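Summarising the annotation, Swiss-Prot assigns site 'Transition state stabilizer' to R17, K24 and lists sequence analysis as the type of evidence. Swiss-Prot lists R150, K206 with the feature site 'Positions MEP for the nucleophilic attack', giving sequence analysis as the kind of evidence.
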Amino acid sequence: MTRKIIAVIPASGVGSRMQAGLPKQYLKLQNKTILEHTLEIFLAHPDIEKIVVAVAETDPFYPQVALLDSPKIQIVFGGETRAHSVFNALQVIEDDSWVLVHDAARPCLKRSDLDKLLQIDDKQGAILATPAIDTMKRADGNKIMRTEDRSTLWHALTPQFFPTRLLKQALISAFKKNLTVTDEASAMEFSGYQPRLIAGRSDNLKITRPEDLALAEFYLTQNTEKKI
């Protein structure tokens, strides 16, 4: 049976580390907002039925994003944290579907990585990730406590892909226990699941600091040139 796949884009953050005058998802790269670049990836995929975008209720910028008028996109209001925004989005998604959660500020996702993730049919779900290649230090403040074994460490990326019903239940359980949910996989882990790691590309960066903009623009330019 063909699965119903829905994408969720939490886009209600303020992006304080960007030191910009507006939330980072509305900053522009190549004459489009970061959010538009991100949405285009999912709008172009034939297996994704709908995209639910969670925005802040007081956000004055999202009505100016023309792409959000697409009939394939539904807007919901986010919550106090990213996890609550994702949970709010799940309320308008059928429980028997699968959900792809992707950061609004990751505009450089490659279709090949997305396709690899969508091939997974394991109820424990899966996430894109990259193996740690730098030496990893555990710190106490700004002092090194020890060096960690990087051979077992991965950088979690998005999208993260789960059965909607199970992710919803995992988030509810985490909220009740006041657990800190940093990504969807962490909520699933708290509920005893072991999501799979799917090796993704390192250029699927999350724009977080001002210097990330130039790098993202470079990656997007490379993508454009390859299509010509």
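We count from 1, first residue shown onward.
In case you wondered, yes, glycine gets a Cβ from its N, Cα and C as well.
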Count, for each of the recorded sites R150, K206, the other C-beta atoms lying within 10 angstroms of its own C-beta, and report the residue with the smallest count.
R150
Give me the Cα-Cα distance between R150 (site 'Positions MEP for the nucleophilic attack') and K206 (site 'Positions MEP for the nucleophilic attack'), rounded to a whole Å.
21
Pairwise CA distance, K24 (site 'Transition state stabilizer') versus K206 (site 'Positions MEP for the nucleophilic attack'), rounded so that it is a whole Å:
11
